[in-house]
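Participant: Have a look at this one.
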Amino acid sequence: MAGEQLKVLDALDVARTQWYHFTAIVIAGMGFFTDAYDLFCISLVTKLLGRIYYYDPNSTSPGTLPPNVSAAVNGVAFCGTLSGQLFFGWLGDKLGRKTVYGFTLVVMVVCSVASGLSFGSSPKAVVATLCFFRFWLGFGIGGDYPLSATIMSEYANKKTRGTFIAAVFAMQGFGILAGGIVAIVVSAAFKNKYDVPPFSVDPIGSTVTQADYVWRIILMFGAVPAALTYYWRMKMPETARYTALVAKNTKQAAADMSKVLNMELEEDAERAQRLVADQANNLGLFSKEFARRHGLHLVATTTTWFFLDIAFYSQNLFQKDIFTAIGWIPKAATMNAIEEVFWIARAQTLIALCGTVPGYWFTVAFIDIIGRFKIQVMGFFMMTVFMLGLAIPYHHWTTHHIGFVVMYGFTFFFANFGPNSTTFIVPAEIFPARLRSTCHGISAAAGKAGAIVGAFGFLYAAQSKDPAKRDKGYPAGIGVRNALFVLVVTNFLGLMFSLLVPESKGVSLEEMAQEHEREEAA
């Protein structure tokens, strides 16, 4: 009896790769494309916001966002994402994946548009409105993490499940790339129309009034791909695993999957009732039984995602130093406001193209060959090695910029061909259907907590002790080199906790989650 399985779930596990798999990847993937676009495009326009709203006529340099404002603008979406991951993760297990899935998309579309329409009679009012809508945008994005991963894992077959979930997550790379491309196109169009002198020649004239439209258009464009997929997202049937194992409606699950798989599926009513009545599906998150079976798994998925995101998001700190050092971005005073957006977007697009996107697709190609565990351990190990390679001879790298960029690029590559992908995939595979979305949301929220530590703790920590080398308005920190050593430690801790992560390659979701374990005991 232990290995007995519902026919509909068996059919999904052994189904050959079909058109509906690719449809599901595109529908879920476009959500992730939008998530990445919305989260990362803000970094392309923060310098412009500083020039427009915080220019000091007595200063000899362009306006910049004060540290507290910069932290709020960049970080408020992360706070919203963390809240959304917990709330929608829980809701996805209570109401069903499909029901909640459409709502998260509506929140993202509305708040993307509203972010670009941020209003106010003073800089403070504009930034406050922007932060309000960015928080709720993040809230919607947060829901997409557990729901997209859970839906894809529950639709996929055993053999290629990792590849499909990784392909959804890999759309994040294209979202980051699209953000850069949209910013390049918009800034180039405005630069062509309003070709004004750089700041050093005309401090006031270098920021034209129309520059205010640039950042608004870039932020609002994030609503387009999300809106385009809404209809298809609403047409997706509820996943069979939720309908059968949580809602306990095996007849409906069989009917839904018959349409999806283009084959006739019928469940024996008595046998199906007996299987879904198994108490293993009624585990509570805080029950002793859950702690016994999955307690260590939840510790593993939350800690590894937390440590990974500290390193992953803090790496963005060093981008501006690298870009300026190797001449990818000219000095701020030698450009006008719109020109600066163009150069920042160009540099970030190159990084995405060379390091970020390839790493994601290496995971797609190899995850069901090598396995989740090996890729995650290898990724953390290589990140530790490359971070050490950056930290120990840091002063050497300050004069050998190309070598620094190569090392830096490899760190990004092994984050994506490594724990950045696997920490998203594993929580969608190893927990029971009743708590799958909740546990993925908890794991993802731990990651976002790490992102907040990485993006802001390190923004302050990486500041130089020398006031002349410090960013304006920031207190003294421990310096970039010491900050890199801290990241080495976080990567190593991620590697250690990865040893607790189980391998789920080629195993059915029910087997991984021990859905019928009590029957064995009986």
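Each residue, glycine too, has its Cβ placed from N, Cα and C.
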Participant: May I ask you to indicate which of 69-88, 329-348 is given in TrEMBL as transmembrane segment?
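Facilitator: When 69-88, 329-348 are checked in TrEMBL, transmembrane segment belongs to 69-88.
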Participant: Which one of these stretches, 100-119, 125-143, 164-190, 377-395, 401-418, has the most C-beta pairs shorter than 8 Å to the transmembrane segment (439-462)?
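Facilitator: Checked against 100-119, 125-143, 164-190, 377-395, 401-418; highest Cβ contact count belongs to 125-143.
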Participant: Which residues, given as numbers and ranges, are at least 6 beyond the ends of the transmembrane segment (125-143) yet have a Cβ under 8 Å from it?
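Facilitator: Counting only partners 6 or more residues beyond its ends, the transmembrane segment (125-143) has Cβ contacts under 8 Å with 34-35, 38-39, 42, 49, 53, 69, 72-73, 76-89, 91-92, 100-101, 103-108, 111-112, 114-115, 118-119, 441, 444-445, 448.
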Participant: I need to check the long-range neighbours of the transmembrane segment (20-49): which residues 6 or more away from its ends have a CB within less than 8 Å of a CB in the stretch?
Facilitator: 62, 64-65, 70, 73-74, 77-78, 81, 104-105, 108, 112, 127, 134, 137-138, 141, 144-145, 148, 151-152, 155-157, 160, 164, 167-176, 178-180, 182-183, 211, 214-215, 218-219, 221-222, 225-226, 228-229, 232-233, 236, 260-261, 316, 332, 337-338, 340-341, 344-345, 348
Participant: Which range out of 69-88, 164-190, 213-232 gives the transmembrane segment (100-119) the most CB pairs under 8 Å?
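Facilitator: Out of the listed stretches, 213-232 contacts the transmembrane segment (100-119) most.
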Participant: Would you say the transmembrane segment (69-88) and the transmembrane segment (482-502) are touching, if the rule is that at least three C-beta pairs must lie under 8 angstroms and be 6 or more residues apart?
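Facilitator: No, the stretches stay apart by this measure.
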